[in-house]
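Participant: What follows is a structure written as structure tokens; I'll ask about it next.
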Amino acid sequence: AMPTVRRVIFCLVSLGSIGSTVSFAPLKSLANYPSFKGIASDKGVVSFVRDAPHHVSFAPNLRSKATPRHLTIDQAELNQRIARFYDDSSTLWEEVWGEHMHMGHYGEAGTEKKTDLKAQIDMVDRLLDWGIGGDKPPADVLDVGCGVGGSSRHIARRFGSKVTGITLSFLQCEHAQQRSEKEGFSDNTRFLVADALSLPFEDNSFDLVWSLESGEHMADKAQWLSECHRVLRPGGRLLIATWVHRATTEPSCDHRENRQLILSERALLDKICRYYALPAWVELADYQAAASALRFSSICTADWTAAVAPFWPVVWRS
Ligand code: SAH
């Protein structure tokens with residue numbers, strides 16, 4: 001039989017080129033976050049499942065099956081740190097910022113005056129406009145790295161879609177569910193604790209896979225993109241907005257190995273990695289290469305560094 005050709009569209013927006021326009025300082029203020037202390041490493045086991053409250057739904061592959069192959073000890077440990085980071089920091093973020101855990105969009109040139117909440121909502125809308133435009137609205141959506149579900153509910157509201165959100169953090173999953181119940185979205189949003197590198201969904205399940213500032217946490221970009229590709233229906237779309245470092249002529253999927261980044265840039269990226277539980281940074285071309293290797297069609301990218309530049313200074317002031 002002929003192999004089925006599944007054309008799946010890839011759209012990616014880069015948010016910030018380290019070393020040029022975006023400044024991530026002052027990182028020091030994060031040093032007191034509880035999540036950076038005493039992270040237990042339970043070798044080879046996804047042990048954050050253990051402490052889960054009952055009312056959080058598990059993705060079955062995290063509860064019952066053996067450790068997935070991609071979960072080398074490093075990946076398992078990284079996933080624990082990510083879960084811990086968001087378990088520890090989300091409540092405070094929600095108190096100060098609300099349900100959106102991502103940058104704001106201040107107009108193409110970053111010059112529009114608006115409240116920061118409005119800028120965050122505009123970010124979701126501009127990304128949907130850019131990635132979907134006037135095409136048929138997606139019926140089934142996967143929000144990869146959903147935080148407390150800000151985008152999930154926004155997409156459900158705008159398109160009437162059914163949205164599934166996944167996160168590694170039990171606390172976020174719980175808060176996302178509570179917020180959906182409160183706001184009347186229980187029927188069209190659901191949230192699971194699940195790993196984006198090993199998605200607990202059938203092939204061809206979604207029309208849109210949405211990732212807003214979660215890609216930077218994925219150590220194996222190719223594995224992640226291939227999982228997204230697998231769960232998308234033919235004609236479906238992967239829409240990503242993520243942090244990347246500035247372009248070089250030797251993309252390497254690892255900022256530490258990239259000799260074109262100067263030492264101070266690599267040192268800054270290392271710092272950000274430690275604070276935010278991130279693996280090595282990549283550049284836009286790394287994503288493009290991974291997407292072409294997976295035969296995504298219509299690969300489009302854009303650089304929104306300028307649009308989000310006003311956001312960081314505001315975060316640090318808060
Ligand atoms: N998209 C949300 C949250 C961004 S924060 C928003 O914009 O509000 C990053 C999110 O990615 C967190 O919810 C974190 O749990 C999730 N994440 C990181 N790595 C993940 C992984 N491997 N699998 C699933 N979720 C992941």
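The backbone N, Cα and C atoms fix where each Cβ goes, and this holds for glycine too.
Quick paste from TrEMBL:
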- 1-23: signal peptide (SIGNAL)
- 141-150: region 'SAM motif I' (REGION)
- 142-240: domain 'Methyltransferase type 11' (DOMAIN)
- 204-212: region 'SAM motif II' (REGION)
- 231-240: region 'SAM motif III' (REGION)
Participant: Looking only at residues six or more beyond either end of the region 'SAM motif I' (141-150), which have a C-beta under 8 A from one in the stretch?
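Facilitator: Residues 86, 90, 94, 98-102, 120, 124, 156, 159, 161-167, 172, 175-177, 179-180, 189, 191, 196, 199, 201, 205-215, 217, 228, 231.
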Participant: Over the region 'SAM motif I' (141-150), what is the model's average pLDDT?
Facilitator: 98
Participant: Can you count helix, strand and coil residues in the region 'SAM motif III' (231-240) using DSSP?
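Facilitator: With helix first, then strand, then coil, the region 'SAM motif III' (231-240) has 1 helix, 9 strand, 0 coil.
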Participant: Could you break down the residues of the region 'SAM motif II' (204-212) into DSSP helix, strand and coil, giving a count for each?
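Facilitator: So the counts come to 0 helix, 7 strand, 2 coil.
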